[in-house]
Protein chains: 2
Amino acid sequence: MNSNIREKFFEYIVENNLVSDGEGVVVGLSGGPDSVCLLNLLCSLRQDMNLKIAAAHVNHMLRAEDADKDEEYARNLCKKFKVEFFCKRVDINKYSKDKGLSSETAGREVRYAFFDNVMERLNFSKIATAHNSNDQAETVLMRIMRGTGLEGLTGIPVKRDEKYIRPILFMERKDIEGYCKRCGLEPCIDETNNERLYRRNKVRLDILPYMKKNFNDDIITTINRMVLLLQEDNKYIMGQVDKYFIENCVKHKDEVIIYKSAFECDNAIINRIIRRAIKEVGGNKYDVEMKHIKEVISLKNMETNKKIDLPNGIYAQNIYGNIFIRIKVKNNKKKYKELVLAKEDILHKEVCFQNYIFTFEVIAFEENIDFIKNKEIKYFNYDSINGNIIIRQRKEGDKIIPLGMTGSKKIKDIFINMKIPQEDREFIPIIQFGEDIAWIVPIKLSDKYKITDETKNILKIVVRRR
Amino acid sequence: MNSNIREKFFEYIVENNLVSDGEGVVVGLSGGPDSVCLLNLLCSLRQDMNLKIAAAHVNHMLRAEDADKDEEYARNLCKKFKVEFFCKRVDINKYSKDKGLSSETAGREVRYAFFDNVMERLNFSKIATAHNSNDQAETVLMRIMRGTGLEGLTGIPVKRDEKYIRPILFMERKDIEGYCKRCGLEPCIDETNNERLYRRNKVRLDILPYMKKNFNDDIITTINRMVLLLQEDNKYIMGQVDKYFIENCVKHKDEVIIYKSAFECDNAIINRIIRRAIKEVGGNKYDVEMKHIKEVISLKNMETNKKIDLPNGIYAQNIYGNIFIRIKVKNNKKKYKELVLAKEDILHKEVCFQNYIFTFEVIAFEENIDFIKNKEIKYFNYDSINGNIIIRQRKEGDKIIPLGMTGSKKIKDIFINMKIPQEDREFIPIIQFGEDIAWIVPIKLSDKYKITDETKNILKIVVRRR
């Protein structure tokens, strides 16, 4: 019987590629039946797979002497199995109060941090926890009751981040207990498991037994089988989402652009792309509800510049049919900024404005002067400048006579033609000489200050991003 | 309050495209709150949408006088609403016993058949049934308990086959009851709904109330929201499966070929392709378990001709790396068949063999004879035939000297080279003259009976499929 279980355990490890030959595994060992069974089973493979095994125990200091007895049991078991034992004591009640967490969440946080720590100290590569198929069924039912989608229905993964593994996720609690008994192990029993304080215990003690009695004697296996199918469906859909996200979205700092092409995808895909975009700019995807997703989808068909608010200080904006998901900038950005410099004061210094650094140089015109032509270096007729040199943000009504033209053009129209998002426009510096705009940096020059044969002194302006 | 519900009802109809202007709808009317509410709501749209509405009631004769009262109530309600009323009485207890069905299944079968019948008589195009969101939650929980996958989790569809519609699937039972009360309707109450005889009633009376009390007051909405999400996921995956099925499979009568390329798809897709293939050749996809799918997948990597059995008399066979899903032919096909004909007897008659009809003709050789060259008509040197003409199935050890060659070749090898599936080989007729094979119909001719300059009389054989 136990050799049968050991065989299945080995097959499960191989099938799911949980541990490789020679790897080091930290086992989370509470001292209860699950983790004791897990440690025993892993030790049964130790020689054949050349494994390094250590155990990590957290004493939660919750049930006074009981907790100490559990620690003692775990320590002795490791001695017996010749497994290095690591222990940490944390007053979980205090910790959870300090951090404002439920004691369940606090316990999990502390345990995983400690397991990670032990793994790193030992230079191991895996952390094995003892979730079983009852835990799986309970988790999925709890999620259904709380509200979930396909991803939530995939429950506890057998492996996460190539680090956390659940090698006995295929075993039912009753088989684990039988295994321990037949091995003569006497794991600790946590009496609080039989109290209905935690929601999980209500699933364990009331809902699942009712289902088992009235509907399906094999309810745990049945739910676990469903989970395995849904894991494959979810994996497939997420793969497709990855693909479409790469093809149809661009991620910048603080912003994801969902191009209009993405909205041709099926609902199942575009919904997840929107969710992902919000997550990528720093939102919590669990705060995103279906109604937000639907709002973003209808935003796509509204006029350009239209915005909608999303949770966590994020908003979505339609910019020429593409959807920009962005973090709201605090309101102080609204203040108009300008720098006024006397024509004589500018030479040979660096002038910072917003994200740019400007340097100014006056050079005498010569026949064979070598003008460098690029976006960052521009040349102007210095002598025709009357008044101050002003570096500033755009203002309503700004106009320029573009190079090569005679009439003036609204800068707003230039921005619209170039499809520069409204949000970006205030970050484009305008260089003004006296009353005239000379340069929309770095996109458009004025005709008024161009170099001609009559030019004597040239103002060279170099701009770079800081 | 009620006008609010009517508005939502209308939006739901539009959003899901349930009924179009001027359509005729048969309402399944039990007389209970759900169907009474549905009939009332549909009647509220009758004028605006120019609907034709009729009601169909099945008296199940299960609860004696109660059943007759329900019928009477439904009849009167229709009179009041000016809706044509159709009624059918069926002794469901008797019907279910006769057919070996549960009374629930029998009831459903009879009802839908009657609704269809009324719809056709009236030349209407929709059948509306009164499923609500509690039914939806109950259905999904029952499926989870019985065992299901993504498709099962999509529950009751709001529309099926462009014919069956569920226009109040968005409403909770309590809202339906409130609506009826405020309308002064007094629908019939089925007392058996409060008995735990049916499994569904256990979900309704025990499981859902427990979940509501201990976990989520809004459990019905929560589960329905999950279902809507999963419907979109399922729709997407099924769309992908359709696409890959068309690209990688071919359906013949009694057989689906899954080409090896299909096995490069993700598990979520290939699993469903296999399931679909089995269904298409007449299997019940619900009898197909995950283990069968896995067996078919591993069959793909075995040697050619290897077979495995699937449920319902279906088997899968690897033929040169492609997987053939086929119905097992009864065992009598095993008998070897042959037809022996005297050389003199064959002329100007039709000879049937298996799926072919042969006609024979002897013509004198002339210089300018016009040989028709195709697969169905072949010419042989009649004079060199010694012995009988035999039409038969292949036998072990059969050989032929192919046209243009001098050495003989095993027919088996010819079949292998041409990748003719083993199953098909016995249906390929062999024509033998005396001791020699002259023609493997229609794929290969013998060199021995070819027409030469010395040929005097020609045997022309025409073959066609019958």
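Glycine residues also receive a Cβ, built from the backbone N, Cα and C atoms like all the rest.
What TrEMBL records for B:S30, B:G31, B:G32, B:P33, B:D34, B:S35 is ATP binding site. A coil conformation is recorded for B:G32 (ATP binding site) in the three-state DSSP classification, outside any helix or strand. Within the same chain, residues at least 6 positions away in sequence whose Cβ sits under 8 Å from that of B:G32 (ATP binding site) are B:D70, B:A130, B:P187, B:C188, B:I189, B:D190.
Taken from TrEMBL, the feature domain 'Lysidine-tRNA(Ile) synthetase C-terminal' applies to B:389-461.
When DSSP labels each residue, the domain 'Lysidine-tRNA(Ile) synthetase C-terminal' (B:389-461) comes out as 11 helix, 26 strand, 36 coil, counted as helix, strand and coil in that order.
Non-local neighbourhood of B:S35 (ATP binding site): B:V27, B:G28, B:L29, B:T129, B:A130, B:P187, each in the same chain, at least six residues away, with C-beta under 8 Å from its C-beta. Residues within less than 8 Å, Cβ to Cβ, of B:D34 (ATP binding site) and separated from it by at least 6 positions along the same chain comprise B:A130, B:H131, B:N132, B:I168, B:R173, B:I176. Within the same chain, the residues at least 6 positions away from B:P33 (ATP binding site) whose Cβ sits under 8 Å from its Cβ are B:R173, B:I176, B:E177, B:C180, B:P187, B:I189, listed in sequence order. Report note: the ATP site is defined by B:S30, B:G31, B:G32, B:P33, B:D34, B:S35, and the residues of the same chain whose CB lies within 8 Å of the CB centroid of those residues, excluding them, are B:L29, B:V36, B:C37, B:A130, B:P187, B:C188, B:D190.
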